[in-house]
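Below is one structure, written out as structure tokens; comments come after it.
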There are 2 protein chains.
Amino acid sequence: MPSRRERANAIRALSMDAVQKANSGHPGAPMGMADIAEVLWRDYLKHNPHNPQWIDRDRFVLSNGHGSMLSYALLHLTGYALSIEDLQDFRQLHSKTPGHPEYGHTVGVETTTGPLGQGIANAVGMALAEKVMAEQFNRVGHEIIDHYTYVFLGDGCMMEGISHEVCSLAGTLGLSKLIAFYDDNGISIDGEVHGWFTDDTPARFEAYGWQVIRNVDGHDADEVKTAIDTARKSDQPTLICCKTVIGFGSPNKQGKEDCHGAALGVEEVALTRANLGWQHPPFEVPADIYAEWDAKEAGSKVEGDWDRRFAAYAKTHPELAVELKRRMAGELPEDFAEKASAFVREVAQKGESIASRKASQNCLNAFGPLLPELFGGSADLTGSNLTLWKGCKPVVQEDATGNYLYYGVREFGMSAIMNGIALHGGLIPYGATFLVFMEYARNAIRMSALMKLRVIYIFTHDSIGLGEDGPTHQPIEQLANLRLTPGLDTWRPADTMEAAVAWKHAVERRDGPSALVFSRQNLPFHLRDDETEAAISRGGYILKDCMGEPELILIATGSEVGLAMQASMRLSEMGRRVRVVSMPCTSVFEAQSAAYRQQVLPRTGARIAIEAAHADYWYKYVGLDGRVIGMTTFGESAPAGQLFEHFGFTVDNIVATAQELLRANG
Amino acid sequence: MPSRRERANAIRALSMDAVQKANSGHPGAPMGMADIAEVLWRDYLKHNPHNPQWIDRDRFVLSNGHGSMLSYALLHLTGYALSIEDLQDFRQLHSKTPGHPEYGHTVGVETTTGPLGQGIANAVGMALAEKVMAEQFNRVGHEIIDHYTYVFLGDGCMMEGISHEVCSLAGTLGLSKLIAFYDDNGISIDGEVHGWFTDDTPARFEAYGWQVIRNVDGHDADEVKTAIDTARKSDQPTLICCKTVIGFGSPNKQGKEDCHGAALGVEEVALTRANLGWQHPPFEVPADIYAEWDAKEAGSKVEGDWDRRFAAYAKTHPELAVELKRRMAGELPEDFAEKASAFVREVAQKGESIASRKASQNCLNAFGPLLPELFGGSADLTGSNLTLWKGCKPVVQEDATGNYLYYGVREFGMSAIMNGIALHGGLIPYGATFLVFMEYARNAIRMSALMKLRVIYIFTHDSIGLGEDGPTHQPIEQLANLRLTPGLDTWRPADTMEAAVAWKHAVERRDGPSALVFSRQNLPFHLRDDETEAAISRGGYILKDCMGEPELILIATGSEVGLAMQASMRLSEMGRRVRVVSMPCTSVFEAQSAAYRQQVLPRTGARIAIEAAHADYWYKYVGLDGRVIGMTTFGESAPAGQLFEHFGFTVDNIVATAQELLRANG
């Protein structure tokens, strides 16, 4: 029977050979963590290669995602639909084995990793979701949701700030089924870490309230096994500190940064083969080793056991069982669309002129009761973001039955945790901060989009309209940044109606995240006929039209739509034919037919875009001949009204700009 | 004689009154930290209100910047040019007392704070700069640079990830003259922090290698004094954990989140006055209390002492003294411009076709020896960013005479530390990461721009051209994000010449930061005549022109300029009149005269922009009638050449697009 080391060497060989073939990649981490992975995946991990979607599987996250070949080797060896040819195609166009693990692209990959520190954050989100779902759905004698979240992470993740945010929170929440393996190999890209990283990491994690298992030899299976056993018994999250040798097995490169991020070289690969006693050619794994790794049968059995337990649960708690399946499938309640539409009509009838952040809270109060899967939160701005609704109950360590998390001042952590929650399934996370501080979370928002996750970001205080807090708090370039993120829908509603439609769209959207951008200040309500109301969901639409062909189109969003409406009235009184286009979501508008877009924005007529955000974005819509009334500098600290005046967001200025432009156009 | 408490109450009264008058602001922190501030500013802080630029002053940073009234009150009371009228104008347009403290706007404010966690990071940069400058300039018997950096920070800063990055590094570097006061009041905006923040913060900081002084009563001057004395003796950075009551003195709101971010209310202000025994009307401070606070005379004396010591230093080490003054004034060596220009000419003669990151390293090797103030680093990507040059010497705890820091995997921390270094003076920091991971550091880059600091960011691996690492590592929307940041110059050079000009521009620029964006892959060198060479520094210029008026202008940057050049040749062969405009830096181009811009980009002729980054940015330059060959999706993992082909960055596609466009234009 192959030894543990031989089984681990299969990972090492596949990893170094795939990297060598691609002449690109990171052999060091897979080779260093192979022994740990062998113990975890063969002796503990609850999973079924036949059904990577099984809802009660353990989650495995490779936070040091550059070591992707570790995941690919494990998935291949244990029997997932990832062939040896796929491994040979490592890092090639359209292969199933891209440079970093990609969720939704490679079967069995639980999250996209690579940007350091975010994998551990996703894992915290998964473990949190498991805890919440378990408390919401398990019943006495029916532990239907009961799985671990395992995560590998390296020095890079440990140095990143986000690891602080999320591990601190994981400790506070007592996420006892989160088990992290720290690949303490003492090496990062620049060399031996002691020059720039001297934390007492175990002490740091104890300060967070974690159980820490120190000084585990990451190449000693018994020590790893004992550590995992201890971890699984804890009522705290556990950090297992594994001393490992990066590139283990490479006689000349192990323990050095050289093997971190480049192929070992043909010669060193051969020497490593000899050193490891791995006699097999590249991409050949002996049948007995495959047999040892094969988890298909065991996986089917363990899922089969669960299926029987679930059947018993379904018999005793039929409604819960149906609801659990619905939620894990990401399907909305059957009546959601109808009731949400009814709410939208109600909003239209009320016609309130309120802050859009308040309109957002009204949406939460309407949609919340319909959606037990809604899981909210704020990065310590609950009262400003208005993210609480009547049915909110906070999740705390002792009671995770709730649906709201006080994330603390942790924007990046919150966002990456939301990604983990969405990846786990069963919950639709929304989380909030001020729009300008989306920058702290920026790369996690990008990851939501890259992974096509239903994550809802609420960003309030959306412009200089926040007033006195001044330029550090006033977003300028942030809206464009969000809009330029592929796959992210960014909504900036002009009133309560647009807010309601945006919220509905974000909830109903299954293939990606939404950013809902709301004002601090009150916004006027705009009257619409039925057709106009229906058009909101097209992202951009004619809010007010003129008789005949418009000679001027005012394009605006959010708080500036009101100004555009007033200006259009003034210009109409002067005899001008002016159309107002409200453009709450450019990406949704762009997804409309060319005919519709052409109808809303015909090429005839001058154009002016008005938005209290960076002007440059809007040239896409006004071109070289149009005008943009926008920001090109940072803001100022003053009451909001004065700032709008100061920066030219006034009816007078729009009218003057329009007159100048119409004159220029002859 | 007024008691310590009475002196502190002056801060409290000014803070609550100013917030009340503005009906906006944060009274809680100033009232909570007033007693600590009283001890620090009156008994320890080495400063001279007459000369806020004195180079050896202690630095004071309010990392919890929302408590700005604390700083304003202190500056006013100690005698800086900040009048009582200025305080009355708190948070009003163009006042000297904006909502958050702004560097360069209010005398005596050492850094702009508000975005949490960045103040402590700036302070780490200041303390690091002090240590480096001291080791570079002090000589036996001449401790010319010898000051402390004090920083106040609250729970928000402690929760933010960046506090981990920078405090970890401060511990590793042994920044013993960094003294931080943790305002441990148990309250954040969402309420009592124990629901979301249960770290053992003292243990956490000990894990970083800090001296931690626990359980100091922040309202007991003796305890604070003892703690500061202990801190100043340490060979480690020190965290003084102060238990305080937020909003101290407000009978109904102290100790609660209500007083964090809103005016107390007229009634509560009156009650607080009574409770504190502060009998004076708003904005009136009795003369005896002013007299106690006044630091002008003491400041003049302490600077006068230093002046005498500096004179002795200048006598013994005249060259060092001159050099120190030059560097602290931010002036470049007299011969820099000339020698840098000579290097640029050399680059032109060499005509190398190399990666622009390599071209950047060549610049460093040329400029480094001319600029002892250059202080480099990388967030653990030194070998990839190519940020080392021959004269680099790493700074480590035991020896800070060097000019390079291995920042570790801490992009945000690095960037905010660089801001602190630039604020301190004497050094010009540059630091690097991959372009996509500028997102981790995003808000610190914004702060460089807001503060107009000479910070140089190096971002390599600038597009899908990085190849196999895939979409997590391939920037798409990042270039536009940088370009839309007011005050930031973003350069994406097309070859060695543009790289050299960009570097020279970044070094010579005194009023703001620069982002230098470089390729991983080789880029062809472009031949230029003298006039064309000179035009590079205008940010956008005609690299290749046609006879007569162009019917097509190809606008490109970086790696796509080579494609544009080849396409223009093919199109020329077809009889088309094609101009190629290289646009390495749009902000610098926009700063040129309208005549120049019009000359480069006349309104006649069709336009195509080509850049392997998000397309939307370029509509500003091609309008509604032009075309953009850019990215609108995330990238893929594959060799770079295949990706350029896959995403349409080929000569064939440019030519085809041009033909289609020229046909469409008739």
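For all residues, glycine too, the Cβ spot is worked out from N, Cα and C.
In TrEMBL, annotation is done automatically, which means it is predicted and not curated.
TrEMBL annotations:
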- B:GLU411: active site, proton donor (ACT_SITE)
- B:HIS26, B:HIS260, B:ARG357, B:SER384, B:HIS461, B:ASP469, B:HIS473, B:ARG520: substrate binding site (BINDING)
- B:HIS66, B:GLY114, B:PRO115, B:LEU116, B:GLY156, B:ASN185, B:HIS260, B:PHE437: thiamine diphosphate binding site (BINDING)
- B:ASP155, B:ASN185, B:ILE187: Mg(2+) binding site (BINDING)
- B:354-525: domain 'Transketolase-like pyrimidine-binding' (DOMAIN)
- B:HIS26: site 'Important for catalytic activity' (SITE)
- B:HIS260: site 'Important for catalytic activity' (SITE)
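If you measure from the Cα atom of B:ASN185 (thiamine diphosphate binding site) to that of B:ARG520 (substrate binding site), you get 48 Å. Rounded to the nearest whole angstrom, the C-alpha distance between B:GLY114 (thiamine diphosphate binding site) and B:SER384 (substrate binding site) is 33. Note: the Cα of B:ILE187 (Mg(2+) binding site) and the Cα of B:ARG357 (substrate binding site) are spaced 47 Å from each other. Ranked by CA distance from B:PHE437 (thiamine diphosphate binding site), the recorded positions B:HIS260, B:SER384, B:GLU411, B:HIS461, B:ARG520 have B:GLU411 at the top as the closest. Neighbours of B:HIS26 (substrate binding site) among the recorded positions B:HIS66, B:PRO115, B:LEU116, B:ASP155, B:GLY156, B:GLU411, defined as a Cα within 10 Å of its Cα, are B:HIS66. Comparing B:ASP155 (Mg(2+) binding site) with B:LEU116 (thiamine diphosphate binding site), their Cα atoms are 9 Å apart once rounded. Note on B:ARG357 (substrate binding site): other Cβ atoms within 10 Å of its Cβ, all shown chains, come to 25. When the alpha carbons of B:HIS66 (thiamine diphosphate binding site) and B:GLU411 (active site, proton donor) are compared, the span between them is 24 angstrom. Sequence-distant contacts of B:GLU411 (active site, proton donor), defined as residues of its own chain at least six apart whose C-beta falls under 8 angstroms from its C-beta, comprise B:ALA379, B:THR433, B:PHE437, B:MET438, B:TYR440, B:ALA441. The binding-site residues listed here are B:LEU116, B:ILE187; among them, B:LEU116 has the most other Cβ atoms within 10 Å of its own Cβ.
You'll find the Cα of B:LEU116 (thiamine diphosphate binding site) roughly 33 Å from the Cα of B:ARG357 (substrate binding site).
A helical conformation is recorded for B:HIS66 (thiamine diphosphate binding site) in the three-state DSSP classification. For the recorded site, B:SER384 (substrate binding site), the DSSP three-state label reads helix.
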